[in-house]
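**Student:** Dumping the structure here so I can ask a few things about it.
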Amino acid sequence: MSLLTDEPLGPRVTVRAPAKINLYLGVAALAADGFHPLTTVFQAVGLYDDVTVSEATEWSLRVVGDPRLDLDAVPTDDSNIALRAARRLLAHHGMEHRAAAMTIHKSIPVAGGMAGGSADAAAALVAVDRALDLQTSDDDLLAIAAELGSDVPFSLLGGTAVGRGRGEQLEDLEDAGGWWWVVVESDEGLSTPAVYRAFDELHAQQGTEPDPHALELPTTLVEGLVNAQVDLVGVTLWNDLQEPALHLRPDLRRTLEDAGSCGRGAVLSGSGPTVLVLCASREEADAAREKLAGLGHERVTAVPAPVAGVHVVEHA
């Protein structure tokens, strides 16, 4: 596959997709299908990747973005999930003979537990659909998204939602909105499969089973979201993958301790290593960001939530 962008054959479309965080992540024991059933509360936050697509005579993919991110860790071959999304969409329409030039502009942490790859896949689906005028139905886009990965359907929709199954079974969750989060990034990513393996190994070493109630959604969290009770949401934040991630990355304990000294609650996002701090206002988030920067955390950002899912920002 060439990495040189062909002369476009049609319009250039840029689609923006948000990062996701997990306010609650309950994980059950490994099932017979090789996956862990889970219940999670997704929220889309104001940190975005952009995917730009135009039709071309051959496939190409370029990855650019924030130089502080590990951009070299993003594959540019056929294993890239955004490229797989584009090819899968064309196959759905029986148009495998067509191709596209794609550029991913990354701001979401790579392997950071914020579904950056899923965001890119969701953005690629919409960008290819618009650039090549495929007119795919929303239902078909969601079905293809679910085939690509557990977080991709939520990346399409955004907002706040409950995810069940592997995370692809979504249900809108009422949310008063107006939340602010401080995102504390790490210089080194964490592999999601490795964290799940550590989850299994820790339970095996301890001779315990995952909490059978992990798949039950905490009613206190729902109440806090509906009624904008930030302190209630803060004390209900939970992630069953936090301890396995800390087992693999003990240095994150200090990050969580520092984060816990700010805002209304702190938790690891997804499989980590990104740490989140819940704040009551933009002013509180800015103060927390400055405090964490003063404690030596270099990549700290304040973001609003919830935000919308994928949306077109340029069609030229």
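Count begins at 1; order follows the chain as displayed.
Even glycines carry a Cβ here, placed using N, Cα and C.
Fair warning: this is a prediction, and the values are worked out from it, not measured in the lab.
Per TrEMBL, the feature active site maps to Lys20, Asp151. Per TrEMBL, the feature domain 'GHMP kinase N-terminal' maps to 80-159. Per TrEMBL, the feature ATP binding site maps to Pro109, Val110, Ala111, Gly112, Gly113, Met114, Ala115, Gly116, Gly117, Ser118, Ala119. Positions annotated as domain 'GHMP kinase C-terminal' by TrEMBL: 239-293.
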**Student:** If the ATP site is taken as the center of the Cβ atoms of Pro109, Val110, Ala111, Gly112, Gly113, Met114, Ala115, Gly116, Gly117, Ser118, Ala119, which further residues of that chain fall within 8 Å of it by their Cβ?
**Tutor:** Ala19, Ile108, Gly270
**Student:** Could you tell me which of these binding-site residues, Ala111, Ala115, Ala119, has the greatest number of Cβ atoms within 10 Å of its own Cβ?
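**Tutor:** Buried the deepest by this measure is Ala119.
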**Student:** Could you find out if DSSP has Ala115 (ATP binding site) as helix, strand or coil?
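**Tutor:** Reduced to three states, the DSSP call for Ala115 (ATP binding site) is coil.
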**Student:** Just how many other Cβ atoms lie inside 10 Å of the Cβ on Pro109 (ATP binding site)?
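**Tutor:** The answer is 25 other Cβ atoms.
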**Student:** What mean pLDDT score does the domain 'GHMP kinase N-terminal' (80-159) have in the model?
**Tutor:** 97
**Student:** Go ahead and report the DSSP secondary structure tallies for the domain 'GHMP kinase C-terminal' (239-293): helix first, then strand, then coil.
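**Tutor:** Helix, strand and coil residues of the domain 'GHMP kinase C-terminal' (239-293) number 28 helix, 10 strand, 17 coil.
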**Student:** Do me a favour and check the Cα-Cα span between Ala119 (ATP binding site) and Asp151 (active site); whole Å is fine.
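**Tutor:** Their Cα atoms are separated by 8 Å.
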**Student:** Express the distance between the Cα positions of Pro109 (ATP binding site) and Asp151 (active site) as a whole number of Å.
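**Tutor:** For Pro109 (ATP binding site) versus Asp151 (active site), the Cα atoms are 15 Å apart.
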**Student:** How many whole Å apart are the CA atoms of Ala111 (ATP binding site) and Lys20 (active site)?
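**Tutor:** Distance between the two Cα atoms comes out at 13 Å.
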**Student:** Provide the three-state DSSP residue tally for the domain 'GHMP kinase N-terminal' (80-159): helix first, then strand, then coil.
**Tutor:** 45 helix, 9 strand, 26 coil
**Student:** Have a look around Lys20 (active site) and count the other CB atoms within 10 A of its CB, chains all included.
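**Tutor:** Excluding its own Cβ, the number within 10 Å is 30.
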**Student:** Please list, in sequence order, the residues in the chain of Gly117 (ATP binding site) that are at least six apart in sequence and whose C-beta is under 8 Å away from its C-beta.
**Tutor:** Ile81, Ala82, Gly149
**Student:** What's the CA to CA span in angstrom from Asp151 (active site) over to Gly113 (ATP binding site)?
**Tutor:** 11
